[in-house]
Amino acid sequence: MPRRDDIRSILIIGSGPIVIGQAAEFDYSGTQACRALKEEGYRVILVNSNPATIMTDPEMADTTYIEPLRAETVAEVIRRERPDALLPTLGGQTALNLAVELSEAGVLEEYGVQLLGASIPSIQKAEDRQLFREAMERIGLRVPESRTVRSVPEAEELAERIGFPLIIRPSFTLGGTGGSVAEDLDALRASVRDGLDASPVRSVLVERSVAGWKEFELEVMRDLADNVVIVCSIENVDPMGVHTGDSITVAPAQTLSDRQYQSLRTAAIRIIREIGVSTGGSNIQFAVNPEGDDFYVIEMNPRVSRSSALASKATGFPIAKIAARLAVGYTLDEITNDITGATPASFEPALDYVVTKIPRFAFEKFPGTSARLTTRMHSVGEVMAIGRTFTESLLKAMASLEIETRDIQARLDEPSPYRIFAVFEALRAGMDIPEIYRRTSIDPFFIAAAARIVAAEGAVEETLSAEQVRELKRMGFTDEALAACSGYPAEVVRGVRRALGVHPTYKAVDTCAGEFPARTPYYYSTYEQEDEVERGENPSVVVLGSGPNRIGQGIEFDYACVHASYELKACGYDAVMINSNPETVSTDYDTSSRLYFEPLTAEHVLEVVRRERPEGVILQFGGQSPLKLARELERAGARVLGTSPEAIDLAEDRSRFGRLLRELGIPHPRFGTATTAAEAREVARRLGYPVVVRPSYVLGGRRMEIVYGDEDLELYLRSSVSGSPEHPILVDKFMEAYVEVDVDAVSDGEEVYIGGIMEHIEEAGVHSGDSSCVTPPITLTRSLQERIEDYTRRLALSIGVVGLMNVQYVVRGDEVMAIECNPRASRTVPYISKATGVPLARLATRVLLGEKLRDLGPRPASSGSFAVKAPVFPFDRFAEVDPLLGPEMRSTGEAMGIDPTFGGAFAKALAAAGQRLPESGRVYVSVADRDKRAAVLIARGFADLGFEVLASEGTAGVLRNNGLPAAVVPKIGEGGEDVLGLIERGGVDLIVNTPWGRGSRTDGYLIRRKALMHRVPCITTLAGAAAALQGIEARIRGETRRVHSLQDLYAART
C-alpha cells in the first residue's frame, strides 16, 4: 500500500523524564520514529519534557515543544499546531495514557486528529485488565484465575475463594508501578490500596500467582494488510514473580521446544489480531509450565516497549522505525530491511548468536529498603552482550555491569539483584544442579551453563597454552577472570594472551544468520576464525559510551556521545562507538559509522582500538566509566583526544586541585583528607561542624553525607566508610546558607567558551543532580557572573582542559568559592544546550579534532526566557526510604520548563517532573528550628495567595508571634487529627517540611513518606518553597498554559 497522503502533519508524544520502568529506550524509539516520518515527507511535531533526549534536539522534528506531558498542555499544542494525526505508541505508557485522556476529553474529535498505530478501543482492551482477560477467553487462551477489583473488600472476597499467594497488577501503569505479591490478608489490603492509588483508572487485577513458572516474551508486528511477524523471542532467566525489567533475559529463547515455540507464536498472532493493533509493534508475555507444555497469557503492551528496544538491538530489526512507517500506510513487505538492504521487513529475523541482558540496580542509594525483587520493577539500567553461546554472552554481560562483585551479597533462595552470582557461589561450594533449581526455579539449562563456567575456572592452569586460552576466551572469560583463576595480574594475562596470538574476531549483526551480507556495520567480538569488520576509507575516531544507566551516570552522557558521533561524521571521520547499553540512541546501528556492542573494559576497548587503528579515542563524553580507562589506554599507546589523563587527575585529586586553587587565588571552602577514622574526627573538629564527608573518587555523591557533630560523624564512619591511604576520606567545611552554581564550558587550550551559568534553587547541601536549577541565574549580579566566568577560564587554562568541563561554585552575598571541577561532559550539558541553542558536545567535538573556538564562533541565543531543570525521583519504588534531599544523588532523570518568567518555568518543570503545584487550598508548614525565622516570609506568601496555613505547634508559635494566623495541627500520636490523618483524607494540598532529626523514625520522615504515598507535593527546603510560591503565582496568572516551541524561541532570540 502507498504511504498515506491524506495526512501531512503528525504529532508524536514522548515519554517524559527518565523513571524506573520508562527510560532511555523511548528516546531511542522516538528518535527513530521522528527521523523515519521526516524522511517520508511528513511534518513532525514533538511534545516531550525531557531535555536530555536526542529526540528533543530541534533538528529531529519540525516543531519541538519541551512542555509538561499533561492533557491540557498537549491539547494546547494541538490547538496551535492542528496536526492531522497523533502517534502515541512510541512514548511508553505516558503517551498511551495521554492519548486515551485526550480522546475521552473530546480534544481529538474537536480538532479532527486521527490516531495512528493503535485505536482507543485496542488500547483499552490491552491495558484494562478485565477487558484483556475477556478478550483472551474469547479466543480460547488461558489467563491465570483473576478478577478486576476497584475496592479492598472485592479483593478480600476473591482471596477467600482462590487463596494465596496473589499478584496485584494495576491497570494503565508502567514498570509494574503499584504491583506486588500478597502472601496474606494484611499484605493484600495494603497492596490493593497502593495499586488503586497507582492506577489512573483506579482498578487492579488480582490474580492467582504462577510464581516459579518460566516467563517468555514475544515481540510482534502487524500491518494494515494483516501480515504479522515475530521479531524476537525473549526468555527470562528468573522465573515468574520477578518483573521482566529486573530479570536477566536471553534472546532467542533457549529452553522452548519447537512445539512450545510454535504454540506461543500462534497465540501471539491471535492476540494481536484480537486486541486490534492494526499497525505497529506489541510485546506479549507468557508464563509456561516448567513441567509441561501448558501456558498462560500474562499481559500485552500495545506499543513499543522496553523489551522492543532490547529486541531491536538483539536482532538489528528497527522496530520503532518500522512501526512508524506501518502507521502511515506501508505494509511489511514494502519496507526494506536497512541491515541487509536486500530483504523486506516481512522476513522474520534469524539469529546465529545469543544475546543476554542483565539489569543494573541502585539499592545502595536507598539504604534500609528491601532488595527483594517482585513484580514491581526496581532496576535503573541494563547491559546487553552478544556471544556465539549463552556462556559467552552471559560472561560478557557480567563484565559490562561495572560493579564490585566483592560487595554483592545475594541469597540463592530469594529473588534479589545479581542472584546469578549466588548461583555461581553455590556451584563452587559443591551444590548440585537439582538443588539449585529447587531453590531458585531457574531452568536447569542455565544452571548447567553456569556449572560449565565453574568447571572451567577450576581447570585453569598456571601455565596457559594458546589452545586453553582460546577455549576459555571462547566461553567468554575476560582477562580479569583468567587472572583471578590463575593468580596472575590481569596485565600479565593480557600480555601472555597477546604473545600467544590470541585475539578476538568481530562478527556482524545481520538479522538473517549470515544468509545475506550486512550493510550496516554493527559488530560483536568472539573468538573464531573469520572476521567480518569492513573498515571505511575515512580516518576513524573511537567514542566510548557510558555503559549502563545508573543514578549519577544516565542518559545525559549518552546524549553527549551521540552528538560526538554525529559531529565526527559531519567532519569526514568514521565515528566508531563502543557501548554496552541496549536502551540508548548511541547503540542504534546508524548513529555511528561502526558500532561495537562490547563491555567498557580495558581489554575490550583495547582490542577494538587494535582492530580499528583510530586517529584517537574520545573519553570525556561518557561520564566516569571511560575516564577510568584513560591511563591504561595511554600506556597502551592509544591517543586520548582532548584533556590529558594527567590533567584529569589534577582536577579530580582533591589535594592537587586545592593547591591549584590557592596558586590561582581562587577562594574555596576549607577541607582536609583523612586515612583513618581518628584523622577524620581531628579534621572535622579543626574545620568546625557542619562538614561534608565522603570517600574519594565518587560519582553521584555516593556515600556522601553532611554531619553536624561528633555523634553524626561516628555514625557515618561506622555505617558507611573507613579510610585508607589508597582511599582517603574527604572532609569539607559545609557552606550553610550558600547557593550552589554550575558552569558548563568548552576550552580549546587557548580560549574558553562559557556555555551557561546555572543557579541551583535549593541551597548548597543538596547534590547538584538532585537540585532544581535555572538559567540564566535569577539572583546573581552581573559582576558575580563575570567573576565566575573569570575563575572558570583560569581553571580551564591552568588545568589544560581541551573539550568540555564543568565547575561548581558556592555563592553567598559577594563571596564566590570553587568547590569542584570535572574535566568532562556533565549531566547538565543537554539541558544547557537546549536552553541556549548551542550544542556543547558538538562544539567540544570540533575542538577535540583540533579546531579553534575563535574560528567556530559559537553564539548563544540571547536570553529571553528562563529554563528550569527539575529532578525526578524513584522514591515511590522504595518503601521506607525518606524522600529527603541531601548530598548523595538519588534522582533518575529530569524535566525542563521554559517560560518568559521564572515562576512559570519553575511551575512547568515541577509539573513535568510529576509534582503539580496547587493554586489554592491548605498548606502545612513544619520546619527545623534553624529555619523558623525564614519560614515566616514563606508562610506569609502562601497566606497572601489565599492559602489556609496549618503548622506544627513550634512553627505555629513563631508564625503567630509574627502576626500570621496559623492553625495548630497536633503532634503525631498525641490525640486529635494529626498531619498524617490530614494527608490521608485529602485535607492538605502542599507541605513544607525541613528536617530536624536524624534517623528514619522522626515525625518529619513519617510526614514525607505519607505525602509521597498520597501524591501531595512535599518541599523539603525553604529555597524550594520560595520558588514554589513564584510557581503558584504564575499558575494563578495563567502563565503556565502558554506553550513555546524551541524553534520559535531560538528564532526570536537570535
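The chain as shown is numbered from 1 upward.
Cβ atoms are placed via backbone N, Cα and C, with glycine included.
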Return the residue out of Glu679, Glu682, Glu711, Glu820 that Swiss-Prot annotates for the same ATP 2 site as Arg694, Lys733, Glu740, Gly765, Val766, His767, Ser768, Gln808.
Glu820
According to DSSP, collapsed to three classes, what secondary structure does Arg129 (ATP 1 binding site) have?
helix
List the residues of the same chain that sit at least 6 positions away from Asn822 (Mg(2+) 4 binding site) in sequence and have their Cβ under 8 Å from its Cβ, in sequence order, or write 'none'.
Ala651, Glu652, Met805, Asn806, Val807
Conformational class of Arg208 (ATP 1 binding site) under the three-state DSSP mapping:
strand
In Å, rounded, how far does the Cα of Asn301 (Mn(2+) 2 binding site) sit from the Cα of Glu215 (ATP 1 binding site)?
15
Nearest to Glu820 (Mn(2+) 3 binding site) by C-alpha distance, among the binding-site residues Arg129, Arg208, Val242, Gln285, Glu299, is Val242
Counting Cβ atoms within 10 Å of each Cβ, the densest environment among the binding-site residues Glu215, Glu299, Glu820 belongs to Glu215
Out of Arg129, Arg208, which of these binding-site residues shows the lowest number of other CB atoms within 10 Å of its CB?
Arg208
Going by Cα-Cα distance, pick out whichever of the binding-site residues Arg208, Glu215, Val242, Glu299 is nearest to Gln808 (Mn(2+) 3 binding site).
Val242
Quick note, Gln285 (ATP 1 binding site) and Glu299 (Mg(2+) 1 binding site): C-alpha atoms separated, nearest Å, by 5
Val242 (ATP 1 binding site) and Glu299 (Mg(2+) 1 binding site), compared by Cα position, are separated in whole Å by 14
Would you identify the secondary structure of Glu299 (Mg(2+) 1 binding site) according to DSSP, in three states?
strand
Comparing the Cα of Glu299 (Mg(2+) 1 binding site) with the Cα atoms of the binding-site residues Arg129, Arg208, Glu215, the shortest distance belongs to Arg129
